[in-house]
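One structure is given here, and the rest of the page talks about it.
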């Protein structure tokens, strides 16, 4: 019989079935690094699917509310331009009549209302999801969210075959889809935060956060490719895909090292906090003798840095999501070299914004790691986004090459801070020194920051739906103003980081000078 001291070793860990299967094949326990690799791959695929399903609406917009110009523009992607009468007749539901009730004079406003309904429920659900995520099995929670997202994304597309023309059907489906979508971000960030300490967290999460842009690109390409077969397929296929990946999450995702009995490695256990924070314990170190309890919603708001970054993200996501939902529509309704692109080609072209976003997220993470300055990096990117937005609006129509180049730059500066705040910053604050090593705040803090940002994400597309009917220049003015405010909200944290860097440089210089004097005196 085992002694009392040996009982902890007999603990029955709740390993996912997929992990057990891999260990059975290997005939041994998986290493810590193998678990980390599985976490990165599975969560990357999971959130790629979340964004792919979210992106489809922006691609289908031009099919539901069709463009009117009849000018052709040659472009090296497959399909369709506005030149051939035969093609226009063949795809009249796409380029001609649209889909009631979105093909009327108020079509843009109705589509904007769908966006804000989705994002409003998404933002509200985010707060509850973070609260529940810290109290539930994140693997099960994430699986339910992905399957539910797939179901209601597909139901939106079913409206095509069922010939549904009720605005309220699409509204209700979008709202429920938004609720299920809100389960994703707090869950994946909390899981990744459980497995990775602060060392190189910005770079790792910057690369990992490419799932946002990869998802947008995949969603754009899939939805655009399927438009010619009926816009319903543009929703059903991504919906089935995310449900399938949800099952993979249930089978393979290890929520934390403790849940699968993995031993934390030396570099993770020994990652100290910032100088001056008053503690040197590991960011995510856990003490088996201390029972962790989930942090309350109000308590999480009081963590230093949460409020400034949350409100900064409000304006950053306002800009990012306006592009997410309206960029393909804007491209298809803006003459480039005096000619207009088709809906499918505009959707393909918009992926360059997301490609720029991948680079921006990686750069922001790497720079913030090297400088150890999240606020300085985020604010600088937001300020750089202002001239980038101005140049894209002013000169993007001159040529196709100019449009792509400026769109890429906008994506880099807009998505860089958005990616940094929602990943590395959220994980840093979710393991702040004031929590004394309690990792049960990760999902709640992530939900607060991204939930607040999602309120801005809802407002941006809504305002764009109304403002764009009068002037796209006014839309870009709104976006530049939002980017400015986002940068200004980090001013206090930025100044604190600058002062800390100066103090650190002076102390290092003083130490070097003292060492030189000691050497001269022969000490």
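Each Cβ is built from the backbone N, Cα and C atoms, and glycine gets one as well.
According to TrEMBL, the protein has these features:
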DOMAIN    39-499  domain 'Major facilitator superfamily (MFS) profile'
TRANSMEM  37-53  transmembrane segment
TRANSMEM  109-128  transmembrane segment
TRANSMEM  140-162  transmembrane segment
TRANSMEM  168-196  transmembrane segment
TRANSMEM  208-229  transmembrane segment
TRANSMEM  235-255  transmembrane segment
TRANSMEM  306-327  transmembrane segment
TRANSMEM  347-368  transmembrane segment
TRANSMEM  375-392  transmembrane segment
TRANSMEM  398-420  transmembrane segment
TRANSMEM  475-495  transmembrane segment
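For the transmembrane segment (475-495), same-chain residues at least 6 beyond its ends with a Cβ under 8 Å from one of its own Cβ atoms are 305, 308-309, 311-316, 318-319, 322, 326, 374-376, 378-380, 382-383, 385-386, 389-390, 392-393, 414, 417, 456, 460, 463-464, 467-468. Contact between the transmembrane segment (37-53) and the transmembrane segment (398-420) is absent: fewer than three CB pairs lie under 8 Å, with pairs separated by 6 or more positions in sequence. Below 8 A, the CB atoms of the transmembrane segment (140-162) and the transmembrane segment (347-368) form no more than two pairs separated by six or more positions in the chain, fewer than 3 in all. Away from its own ends, the transmembrane segment (306-327) comes close to residues 54-55, 57-58, 61, 115, 119, 216, 300, 350, 353, 375, 378, 382, 385, 389, 407, 410-411, 414-415, 417-418, 421-422, 425-426, 429, 445, 448-450, 452-461, 464, 468, 475, 479, 482-483, 485-487, 489-490, 492-493 of its chain (Cβ-Cβ under 8 Å, at least six residues beyond either end).
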